[in-house]
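Novice: Look at Swiss-Prot and you will find 1030-1068 tagged as coiled coil, backed by sequence analysis. Annotation comment: Swiss-Prot describes 64-113, 142-231, 322-342, 1118-1170 as region 'Disordered'. Taken from Swiss-Prot, the feature repeat 'ANK 1' covers 300-329. Residues annotated as repeat 'ANK 2' in Swiss-Prot: 346-376. Marked as repeat 'ANK 3' by Swiss-Prot: 377-405. Per Swiss-Prot, the feature topological domain 'Extracellular' maps to 649-658, 723-737, 810-832, 920-1170; the stated evidence is sequence analysis. Per Swiss-Prot, the feature transmembrane segment maps to 628-648, 659-679, 702-722, 738-758, 789-809, 833-853, 899-919; the stated evidence is sequence analysis.
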Amino acid sequence: MLMSLTDSKEGKNRSGVRMFKDDDFLIPASGESWDRLRLTCSQPFTRHQSFGLAFLRVRSSLDSLSDPVKDPSSPGSSGLNQNSSDKLESDPSPWLTNPSIRRTFFPDPQTSTKEISALKGMLKQLQPGPLGRAARMVLSAAHKAPPASVVSPNNSHGEPDSSHPERAEPRAEEPNRKNNASRGKRRKVQEQRRPLSSSSSQPNRRATGRTKQRQQRPQAKSDGSGVQATGQCPICTGSFSIEALPRHAATCGESSPPQPASPTSLSSSESVLRCLHVALTPVPLIPKPNWTEIVNKKLKFPPTLLRAIQEGQLGLVQQLLESGSDPSGAGPGGPLRNVEESEDRSWREALNLAIRLGHEVITDVLLANVKFDFRQIHEALLVAVDTNQPAVVRRLLARLEREKGRKVDTKSFSLAFFDSSIDGSRFAPGVTPLTLACQKDLYEIAQLLMDQGHTIARPHPVSCACLECSNARRYDLLKFSLSRINTYRGIASRAHLSLASEDAMLAAFQLSRELRRLARKEPEFKPQYIALESLCQDYGFELLGMCRNQSEVTAVLNDLGEDSETEPEAEGLGQAFEEGIPNLARLRLAVNYNQKQFVAHPICQQVLSSIWCGNLAGWRGSTTIWKLFVAFLIFLTMPFLCIGYWLAPKSRLGRLLKIPVLKFLLHSASYLWFLIFLLGESLVMETQLSTFKGRSQSVWETSLHMIWVTGFLWFECKEVWIEGLRSYLLDWWNFLDVVILSLYLASFALRLLLAGLAYMHCRDASDSSTCRYFTTAERSEWRTEDPQFLAEVLFAVTSMLSFTRLAYILPAHESLGTLQISIGKMIDDMIRFMFILMIILTAFLCGLNNIYVPYQETEKLGNFNETFQFLFWTMFGMEEHSVVDMPQFLVPEFVGRAMYGIFTIVMVIVLLNMLIAMITNSFQKIEDDADVEWKFARSKLYLSYFREGLTLPVPFNILPSPKAAFYLLRRIFRFICCGSSCCKAKKSDYPPIPTFTNPGARAGPGEGEHVSYRLRVIKALVQRYIETARREFEETRRKDLGNRLTELTKTVSRLQSEVASVQKTVAAGGALRPPDGASILSRYITRVRNSFQNLGPPAPDTPAELTMPGIVETEVSLEDSLDATGEAGTPASGESSSSSSAHVLVHREQEAEGAGDLPLGEDLETKGES
């Protein structure tokens, strides 16, 4: 029950009741006995409004229903308030007056032998067999409870009498002594397990101090207030102070079995599980750590710990952690109840520094001696992942699992979004260990985390209004947005796609489409989403490149994933191809998802080209002249070829015409014949002008092209049937076809309407004016809305669009296809430019028209239509500027000239040049990526001719073929004769696909085996990809190591020259300046050490300077020579120096070859300057 602070203090809103059922529990806990309850309360986050769970009372089915919550105004409670009025005045705690707290912690004694027996019977009914821990606790409390006659009225509420303060002290000391004894035994066992170097007497003294502190705490309070108020725990029957009693009751029985009770303790046996009461909001208590969080901060941070970790001094680190105090006397140690934020940050930095420097032994010591909380382990995991240390990651995960007794609650990593204590870390919001490992493509660590159950939760949609998203937005909007971006970076990484997806290629396609949509919905982060989309496309491209034979290529490109069958973009992928052509479902899905890199891959293009040519093996290698000759022959013989296929589709000629390239040439020849007929109609209109000038021409003379239009209409209807309406309308060429056909049909309908009107009006009265208008009237007598006017205009527009439709076949040629794509992009830019153009043009149109309307001095200004034409042609320099002159009206003339000049500057100089720049930019983008763009467009053209059917071109497709009649009769026969259930089994849309080397494999295994083979191929490709990525990573690191070694060689040579110059100066007896010389050497040594601090961790108990043999010797010898004023020091000779540098190179190269993952030591402090 959620209550505000005010409600919890005043005791309001306490009427909520919730009955638990079996469905409320998890499957493993369903039907089992339980002794504790974990309740999670949530509500929309409000920054300036506090909330919390005031009181929680859990009752079992055995509780008496006749024991309602007493009202504060009841007699019992009023008497209690009167007896404790003095105490409440001195310590006004709001929760102390609550009836639930009074009844729970100070109950009336009602125990007897019969009640105990009945209670034991009820416990047996609840849990057959051996009694559980909760049942034993209840029975222990009932056995130790005294009879009701022994307890005084004041003690019936669990509050000691003020006249007998000595009775409360033994009750408080007895359980404390026993608790301290048990803790001492446990500490002795732990001390025996510790190494000998870490043994000391500090822990014992610390334990003794804590015991004395607990024993003296009630006395100190009694000295201050005069009377010490104590209560007894109903679980362990121990006596504790009023302030410590709720805290103890919340944790009683968690770490140890119930302690023996004092004879004066009280208990209640009315219920089994009604004794758990928690106060969260009104009482500032330290929460007990639950199973999803580790909270145990005991040690005060020693100031010298960071320096000891930096220097790799393992012994000092162990001494600081085990003693709990600073040996230098900087500060006392010991346990701390409340750790400040600075302390928490210091412990984090210590663990992070040990991990970052690669000190695995020190890291183990920190993890063994300090109990870090979940947030600290979370940040340490991020550091271990960032420095690529799988061993440390494995230790941290094991630490979490050991502390919690189960696997890590991976959802807690996502909940770190609300943890403000990690805002000062070096990692961005929303970055989890798995996300960071995937972003860095650390496959080993990512696989390790996934094996532990870690996952990356996919972010909710942008418009999601759920409780989690609304709280995150209100908590921190920027942090929420950055968390989404970082999560998508992990999901779109190569490691996550490879390891977390069953079909990595399909997952990359779908994620790329999702990121493209997010780029449109969230323009603030469009560059980031576009970069991630490009990463997904590159991954699919690289994964396809892992194929090693044609069988793998066939399995990858010819299967549709199960998850994508419900996607809108997958509509139409079930269409069948011609016999002998694989379905290429995955390739078509890539085209629908706009995966240009994948489609333009050489493997995909090779497959498409081989299918495109079919059995014409010599077509690809033939010259352009030969191809043009074959195309011209097909153009001339197109009618005869179509008739031959119409009569015998299964003949050799029919199978030859089904080859995609010949089908393409056949359809292109048909469309060229259609355009020739359009040109012929235009020429006939010029030669027979007298006939077409009036209404003497017939409908059929002007509508011969309708034969092709009818064929086009039937062709488009079959395409909609095969592809689906949505997939059909997504193609802009199909949209253009719909417009062209609509205009042709409208023009033909208007001509039919005109002929029908003439027939109807002349049938009864042939001499009427209406009949004369529709038959013999001259063109000058026609009305503006005459149907023939509209028909001729529509036919003219449609003829123009029909010729532009010829650009559809241009992608078949490389140069023409690239130009066609560039023109399409330019048209897109011009459409967007027209919006700005119309806004500015309309603004100046209204201004100039309003100036010249009252004067009417010129024909081109003062009228809206004329002014628009004047301004439009002015943009192209086809108008005279003297049109705006009005000499007799000076002011309007000046304003008109000024506006016209500004219009010329804005439109001609600015906007037109901007349009030219936009068009040039679009053309350059296409030209830079011309190969990919052209191959993608050509692939779409190829796939459109792979489909089954649609072999006969227009207009021969409108003739009912014998093949169509045969198929129709076969379907009718099957429907009538084979209507049994055995014949209704649906054939798989994707049967086993034969390879190109084995065409007879169509009668292969079933669909399930084929799908499993496809998944095996995908897994093999992913494994090859991971191995290739690891080899490239090792090669890059090896090259980087070589560069570092080269830099080290140059630095050592410079250092030797400096040493030689110093030797000469000392030998000549010149004046030395030790600080300057020391700073020079320190600078060189610092550079060398910083360059090599990533090559491996230093040895334990060894300063960082001693990890470079050969260089430190020179430094030490030089320091000796500088200290001995006037005495010539003899450092290593040139031969020894060269050998030292060679030793450094060999030694470090061996270390680099043996080191697996080299940590980064960015925070290592140098000690060169002294």
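Glycine is treated like the rest: Cβ placed from N, Cα and C.
Here the structure is a predicted model, which means the values were calculated and not measured.
A description of the local structural setting of each listed feature is requested, covering burial, neighbours and distances.
Specialist: Confidence for the coiled coil (1030-1068), expressed as mean pLDDT, is 78.
Listed as Cβ neighbours of the topological domain 'Extracellular' (649-658) (distance under 8 Å, sequence separation of 6 or more from its ends, same chain) are residues 578-579, 615, 641, 666, 951, 961-963.
Counting residue by residue with DSSP, the topological domain 'Extracellular' (723-737) contains 12 helix, 0 strand, 3 coil.
Across the topological domain 'Extracellular' (810-832), DSSP classifies residues as 22 helix, 0 strand, 1 coil.
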Novice: Same-chain Cβ contacts of the transmembrane segment (659-679) under 8 Å, 6 or more residues past its ends?
Specialist: 578, 581, 611-616, 619, 630-631, 634-635, 638, 641-642, 704-705, 708, 799, 802-803, 805-806, 809, 812, 941-942, 945-946, 951, 953-956
Novice: In the repeat 'ANK 3' (377-405), how many residues does DSSP put in helix, strand and coil?
Specialist: 25 helix, 0 strand, 4 coil
Novice: Cβ under 8 Å to the transmembrane segment (702-722), counting only same-chain residues 6 or more beyond its ends: which ones?
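Specialist: Apart from its flanks, the transmembrane segment (702-722) reaches 572, 575, 670, 673-674, 677-678, 681, 692, 728, 734, 737-738, 740-741, 744-745, 748, 751, 947, 949-950, 953-958.
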Novice: Under 8 Å between C-beta atoms and at least six residues away from its ends: which parts of the chain pack against the topological domain 'Extracellular' (810-832)?
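Specialist: For the topological domain 'Extracellular' (810-832), the nonlocal Cβ contacts are 664, 915, 918-919, 922-923, 925-927, 930, 933-934, 937-938, 940-941.
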Novice: Over the span of the repeat 'ANK 2' (346-376), count residues by DSSP class, listing helix, strand and coil in order.
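Specialist: Residue counts for the repeat 'ANK 2' (346-376) by secondary structure: 24 helix, 0 strand, 7 coil.
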